[in-house]
Each structure stands twice: as C-alpha cells, then as structure tokens.
Amino acid sequence: MNWRELDSLRILISSGMFGANRSLAILLPVLITLWCSFQRPKRKVQLKDLFRRSKHGWHYTDLFNKPTYCCVCTQPILQGAFCECCGICSDEVCVRKADHTLPCKEIMAPAQADGSFLHRWVRGNVPLASYCTVCKQQCGTQPKLCDYRCVWCQATVHDDCKAGLSGGEQCDLGEFCSIIIPPHYLYQVNKLRRRHPDEYCKLAAACGRGWSPLLVLANTRSGNNMGEVLLGEFRTLLNPVQVFDLSEIQPAKALQLCTLLPPGSVRVLVCGGDGTVGWVLDAIDTMKLKGQDQFIPRVTILPLGTGNDLSNSLGWGSGYAGEIPVEQVIRNVLDAELVKMDRWKVQVASKGTYFRKPKVLSMNNYFSVGPDALMALNFHAHREKTPSVFSSRIINKAVYFLYGTKDCLVQECKDLDKRIELELDGERVALPSLEGIIVCNIGYWGGGCRLWEGMGDEPCPPTRLDDGLLEVVGVFGSFHCAQIQVKLANPVRLGQAHTVRLVLKSSRMPMQVDGEPWAQGPCTITITHKTQALMLYHSAEQTDDDDEDSSASEGEGHSANRTKKPTYTPEKNASSL
C-alpha cells in the first residue's frame, strides 16, 4: 500500500463510509497517522541518500508555498522534493524517476556549432506573476502543469506560444547575463592547454561586453539563518558553480574560481555577518601571498549577522530579512561603487611567554577591551552551548541587552585606567576613570551606533575608510555605552593614530576583535596597518540616522565635522568635507 492509498483510506474511514462504529472510525485514522509519522524518518533517510548522489540540488519540503504540480505525473502535490537549481518538483513516489529522466542545469557544456546558447526549458510551476515573452499575458494561470520557464534567462512562455519565440531557441541569459558564468565558458577553459589570464580574456569576449561574473559565498549559520534560502535563490538565477555554502567549503577554496576568470573582473557577494566578511577577506589576503594579486575580487555584503556594522558603513544596511527580492540585491551590486578599506593587524603578546609567537588577528571593524567585549564574551559562550536558541537577530540583540544590564549592576571592568596603558603613535595618553577602550576602523559600532560622533553636538575630526587612521575612544561603562547608542551621550575621544599600543598590566580582561571575544591576561596589544581591501559601496541607500544627521548638519552648519565613514569614496566626498 503506497502513501496515496493510505491517505485515501484514512479519509474514507474518518468519513464513516465503511459503516463501522464511531470509535473505530476515530481510532483507525489516529493509528494510520502515527504509523506514517514513524515511517517519515525512514523515508527521509532514503531520500537523503538519493539526494546526495544526484546531480540535482534536491530539497524536501512538507508543504510547498504555492500551487505545485509534479513534473513527472503532472498531479497536484502539497509535499515532496524540488530542485533549487532548475526548479523541477516531484512527489515522493516520482522523485527517483524525475532524478533520472529530467536533467538539471549543466554547469559546464559546449556551445552550439555557431557559438550560440540554447534555452533550457522546464515545464510547469512557473513563478507567480510571470508573463509570457511572446503574448505578454500572465503564465501559470491554469490549474495544471502548464507553460515553460528557461532555467538560464528566467523567460516564461505559454505552451501555445513557445513555437512563436522571436529568437527561436537561442538564449541570451536574460537580465543578468553580465554576471552569469555560461556553461560554454567553463567548458572552453577546461579544454585549454595553457591556463593563462590572456586566454581567459579571449574567451570572455564571447560572453559580451562588460562581463563581470558574480560569486556568492553564503554562511548558513549567520544571524537569522536566511543563508540556506538565499543559496537556493541565487542558484536559480546564476550558474550553480558560482554559489558556495561556506558551511561546506572554505572561502579560500571557493575563491580559486577567480583564477579561472579574467583578472580584475570578479565581484564576490558575501551573505553573512561581519565575521563571515572578515573570513573571506583573510582568504583574499592568502591569494595575495600566493602571487594571485591580479585575480583579487571586489567584495560586497548582504548582511545576515547580528551587528552588521561593516555592512552599515558601506551602505548595505543593518540587516537583510528578505524585504527586497534577490533580483534587486543583484541590481544594487551592479550599481555599487569601488572603494578601498583599511585592514589592520592586531598582535597580542602575552606577558611571560617570550618564546611563543604572539597571537595575530586581522581587524576590519574594531578592537575593544571592557564592557562591550564582556557582553560579546558572555553571548558567545552561551551561543556555543545552545546554538539553536540564537537563530534570530532580535533574540540575539535581546540577549546582548540583558548582559549589558547585568554589567551595569556588577561593573566587572571598573578601574580599567589603573590596569592598562595606552599609546597612540608612540605617545602615552593619560586616561580618565574608564571601564572600556574601543579602537575603531569604521564609522559604525555596536549594531548601528556612530561611536566617534556620539550625539553629534561637538566638533570632531572627520574619518574615512582609507585614511590609515584608527579612532580611539573610551567609555565609562555599559550604561554609558547604552547612552551613546541612543545619542544621549558622547564617548571620551582619546585620539586618532596610525599605530595603537595597549599594555594590560594586571588581571584578566575581556577583549574582542570584530565580535570575536576572548578573556586575556597581562599582555601587550599592538595594532598596525596591514593592507587595503577592495570593497563595493552602495551609495543609493541611507539609514534613518543619515537623514536625521544630514538635516541637522544643514541647520547647524557643522557638515565638515559630521562626515560619516559610510561616505568614504575618496574623491566623491571632497566637496562635503
């Protein structure tokens, strides 16, 4: 007896059509439902084995989010499997047949004899509100498996209109042809006897003018756990070979695809938090060490983390939750401007360990010692124990708030000024009574706060992403940090410097670099310039803070002192300084 027959039997019994007594009619559907529940894990194990060996990107769902039809038997289905690359859908009974008879997107294939590329059609289950490229009428309106979609250019066409396509079966890869790696390009690269950048440039000429491939690197464990959904959406729009899951492959390996593409042409979209971005930038530094400087990509961000301060500084917002479609995300990337961003080396030499190499970290955002590092350390410890609880950006921020409130009462970091020494460019700085010191490279800190500017009512030196300077501030405690975040207080501005040195003389103190915390004993911390990264800046987007500050600066006449880190395109902001 298969699953459909069992479901039919359960419905018939519950409706009393067999004439059995009422108790039996109630009991049997419950028993059948329980039996099906016990069998479901076994079915999933069998499907998982099939999915692992398949060329399709299969995923199983208990409920499709729109009217869906099996691509094999054409029957309507509520649950089953779908391929995130080509979009075919199947019920559990037909999934093996679908896997063998329906081909997926080919990541590498030869072009036609005349050099053209053909549509790859999938029948049925076209996107909602899609329109026929021939008659311009809506597709997929009939309650059955109907109409076609090309898996490369995303064009949709009615069954009856397919023969009337103006370009025949030739596919131009659609709106995003300038960022898709065509299967025939990789096929030709694989046939090359001499792998050389000049050869890649010759092959790229057939991909059209302005061809600049986009690689997508997504961390499925970041922030609000949207990474897995985004992986599927990008694999639908692009060549699946361009999309990488960082839980399965290291960034250094994923970025090796850049070495098979024309030098200087690649963009990389990092879907994750600031830690994921730092991970990718470290992998790019490794490429430089290997002598692959000419293949270095430009990096942009789709913020999925909790704080997302680097993303905010580059104009990509404080967090992505699906509010705009992936297609618009790609358009924003295509319109972005190139900027340079300083990266810094943090050396931590522990006291008394003269024969050990100092701990070396890379910094993009900020280094801190004190209450904010303590909050990050407590949060990190609890997330490591129960990672499933910390799957929401709102929950994560709420936990940070609770730890901050606790520290306001306990004050574990008080008298920091008596335990630490600070030098800026070799000059000792006298410290007031502080609980924390923060060294910033970017304009945003603490999940969207402009720390260096504070309330914005005092003149302060302007800052840039590429000026080779760090901004150093002090805070009086967790409550002071909270006041700064809601613009009720200013930080203690200690200065700007090219090199920062801190000496922790006694006790253990919480520290963090870009949200990665640890507890540190007596040591010497030296922060020096490391390199510059090529980033993409989205100038079209402003936050609410931008609008408020720009209107305030117009009224008070302090625009020069309010220049923000997000606007660090070198020439673009010369007039505003």
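Glycine is treated like the rest: Cβ placed from N, Cα and C.
Copied from TrEMBL, the annotated features are:
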- 542-551: compositional bias 'Acidic residues' (COMPBIAS)
- 55-104: domain 'Phorbol-ester/DAG-type' (DOMAIN)
- 118-171: domain 'Phorbol-ester/DAG-type' (DOMAIN)
- 209-350: domain 'DAGKc' (DOMAIN)
- 540-577: region 'Disordered' (REGION)
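Under DSSP, residues within the domain 'Phorbol-ester/DAG-type' (118-171) fall into helix, strand and coil as 3 helix, 13 strand, 38 coil.
Mean model confidence of the domain 'DAGKc' (209-350) amounts to 92 (pLDDT, 0 to 100 scale). DSSP labels the residues of the domain 'Phorbol-ester/DAG-type' (55-104) in these numbers: 7 helix, 14 strand, 29 coil. Across the domain 'DAGKc' (209-350), the DSSP tally of helix, strand and coil residues reads 58 helix, 34 strand, 50 coil.
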